[in-house]
Every structure is written in structure tokens, then in C-alpha cells.
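Enquirer: Supplied in C-alpha cells, the structure appears directly below.
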Ligand SMILES: C[S@@+](CC[C@H](N)C(=O)[O-])C[C@H]1O[C@@H](n2cnc3c(N)ncnc32)[C@H](O)[C@@H]1O
């Protein structure tokens, strides 16, 4: 049972409380579902074939893929992932689940069971995918490890299909994000909710619904240079969201570039920086860099 989280309104604390909701046996007045059994371990396992199939099919894995099942539990996802022929790393820290995973997959040629903590376990050095139903209380921490940081550095994540808490998915998929970190994520990766995963799809039933969150790199955003331009624009836009987007682009790339590329990106001259969707910022950064490369 997780420790009680003190009342506060910071995003980190709110997420900790959401994690506790999914990993506790308490029921919520806001839900029609009630936990079906007492869950001493505070873990909710996927039992919906539709949700599992949706995650695995979305990942389009093959024998050349490397995929991480982060928080593998008893192997609900590990087994169908292994059937794709991909190399699977099943990461888990619970000793009971680790023993079950070893029994089930110990002799499997393309599955490796990894005893580790998701907060610290090293990620592969070659491109990898993640298909996983992750613990709610680690959602932000894991995305921070997988997606680019403020300096543009990132893991070798090629794609992810995750089960996360519904509210968390809504927050990170906003077209116009409310904070700089999710703006950076959304501008370099496309984050999209594929489907709602009802609370009843888990056993025991948690207090809130979940979502299948699909994460894919945005084309043209992989290079460090384009990320530098993009992140400088986002930082300026979030510093003063009421200023015109034109002024943000001019600050980073110069006035003449701003005049030329704003129209190309389909943005009005007077549009405020704080209302520009993340995919537009990605376009603007790419256009600014293309233009600077074409200049003699
Ligand atoms: C929501 S359950 C998902 C289990 C399984 N993948 C499924 O879909 O049924 C999350 C899993 O993450 C594991 N877990 C929680 N915190 C972890 C951590 N810090 N490091 C590694 N595994 C963790 C739990 O033991 C649990 O098996």
C-alpha cells in the first residue's frame, strides 16, 4: 500500500495521488467500478484481450525489433510480444512476478527477464520500442527517461505504446500544452490516444479508466540542431505566451525568417505564442533551419 500523499496541488503530488488510486484498494465516489478483490500488492493486471491485441498490433513488431515490457507483471503482454518474433526485455521488480516470468519465459529464445527498477534500469543503446502497461505513479518519470530532456538529449526510443491513466494521457496529448516539458515532448514526438481502456479491463478493477497512448517520433525532429531551434522557440513562447508567435520566431531565427515562415506554417501574423499548437512549432523550427541552410 503506498504511503498517504499529503494534500497539495502540485502536478507531481497530483500524479502521486492518481498512482495511489490505481495502486490502492480504496474505492472512489467518482467511479461506478469497485475493486473486485482485495489487492494486497496494489497492482492491476490487464485482462482485456482487445486492449492487449491493440497495443501489440499498433507496435508493428518483427524479428528485428527490440521491445521493452516495462512492469511486465505475470507476462500478460510479454507472451504476445514474444510471439511477434521480437526480442523482448521484460522488466519487473516484484520478486513473485519475477519468479513467474522466469518459469514462463526462462527458456524462451527471444525473451530476457530483467530484475530492475523502472526508475533506474538502463535502457538499450540501440533503438528500441516500449509496449507496456506502466505503473501510474511512474508515468511522468518514465516519460522523462524516454523522451528528450531540456537539452534535446534522449534515449533511443523508436516508438511506444503504453497503457497510462486516462487523465495523464489527456494532459500529455493536448494540442496546445500548458507546460514547457509536455510542449517539448509533443513537439518532438506525436503523442496520441488510440483508445480508452475502461477500468473494467483490469483485475482488480482500479478507480479510474486508462488510455492506450501511442508515441512516435515526429519526422524531421531527430537532429540536435533542429531540437535546439525548436526548444529555444518553445522556451521563449512559454516565457511570455501573450507575445505574438512572430516575435518568438524572430527572437530565435531573425525577423526576415519569421516573416517568411509564419505564413508557410499556416499561422496568422498576429497569432499569440500561447495559442500555437505544438506541431506548428515543430514545423516552424524545421522551416527556420531549412531556410538558414539554403542561405549562402
Ligand atoms: C499495471 S501493472 C502491469 C502488469 C502487466 N504488464 C499487465 O499488463 O498486466 C504494473 C507492473 O509494474 C511493476 N512495477 C511497479 N513499480 C515498478 C518499478 N519501480 N520497477 C519495476 N517494476 C515495477 C508492478 O510490479 C506491476 O507488475
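Numbering starts at 1 and runs along the chain as it is shown here.
Placed from the backbone N, Cα and C atoms, the Cβ positions cover glycine too.
Just lifted these from TrEMBL, have a look:
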{"type": "BINDING", "residues": "44, 46, 71, 92, 117, 133", "note": "S-adenosyl-L-methionine binding site"}
{"type": "COMPBIAS", "residues": "1-11", "note": "compositional bias 'Polar residues'"}
{"type": "COMPBIAS", "residues": "25-36", "note": "compositional bias 'Low complexity'"}
{"type": "DOMAIN", "residues": "51-219", "note": "domain 'Ribosomal RNA adenine methylase transferase N-terminal'"}
{"type": "REGION", "residues": "1-36", "note": "region 'Disordered'"}
Enquirer: Between any two of 44, 46, 71, 92, 117, 133, the residues recorded as binding S-adenosyl-L-methionine, what is the biggest Cα to Cα distance in Å?
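Expert: Spelled out: the longest distance between any two Cα atoms in 44, 46, 71, 92, 117, 133 is 20 Å.
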Enquirer: What mean pLDDT does the predicted model reach across the domain 'Ribosomal RNA adenine methylase transferase N-terminal' (51-219)?
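Expert: Mean pLDDT across the domain 'Ribosomal RNA adenine methylase transferase N-terminal' (51-219) comes out at 96.
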Enquirer: Specify the count of other C-beta atoms within 10 Å of the C-beta of residue 117 (S-adenosyl-L-methionine binding site).
Expert: 10
Enquirer: Provide the three-state secondary structure of residue 117 (S-adenosyl-L-methionine binding site) computed with DSSP.
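Expert: For residue 117 (S-adenosyl-L-methionine binding site) - judged by DSSP and reduced to three states - the answer is coil.
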